[in-house]
Amino acid sequence: MAQAKISAKASEGAQQPPQQQPPQQQQQQPSSGGQLRGRFYRSTSMADRSSRLLENLDQLELRVEAFRDAACAMEQEKEILLEMIHNIQNSQDMRHISEGEREELNLTANRLMGRTLTVEVSVETIRNAQQQESLLHATKMIDEIVNKLLDDLEDAKIRLMSLYGACTSDVPAGPIDQKFQSVVIGCAIEDQKKIKRRLETLLRNLENSEKSITLLEHQKSSVRQSCNSKQD
């Protein structure tokens, strides 16, 4: 009899359906918890990526500025080379050699100038409307003086020096063109540097021209004195 009862209990236990979990536990088990955790991890990953991309852009910005500086340096080097070649062609020494040697040197100088001009370097400056207008105004003021160089060399030099004094932070030796200074201040920083370089180049050329004129006048005076001595 005992064995029969045990078997009956066992069979009854086997026939019992599986225990169902409470509704609250059923809501916690689905993958919603995994989705929440996934969203958290994705959010952290986005922040990391954003920080890494920002760091890359910061490094690229440094390289871009270095690239622009190098291009500006090349642009200045081109201007200097052309000026040096031009000065050699118009130097006083070129007038004191034979015609054949002068022709040969001019051919070499022209070849070097041509090769220099084949290099195109252009660094565009970002300007707003006001800066663009200021640049045009400053350029016009310089051009007006340059166009009158042949009329009065000394006056042109004084006016150019007053323009240059308006562009430098050092205490100028002569007067400052206040109007030009206010115009240059309205230009972009890169344009201010270019305006200053142009004025420096013009003043150097004027100085070289004056030296050439002085030497030429000295030579003429020496020739006249020599002729007078021979006549005496």
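Heads up, residue numbers simply count up from 1 along the chain you see.
Each Cβ is built from the backbone N, Cα and C atoms, and glycine gets one as well.
TrEMBL has this to say about the protein:
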type: COILED; residues: 189-219; note: coiled coil
type: COMPBIAS; residues: 15-30; note: compositional bias 'Low complexity'
type: DOMAIN; residues: 134-214; note: domain 'BAG'
type: REGION; residues: 1-38; note: region 'Disordered'
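Helix, strand and coil counts from DSSP across the domain 'BAG' (134-214) read 60 helix, 0 strand, 21 coil.
For the domain 'BAG' (134-214), the model gives a mean pLDDT of 87.
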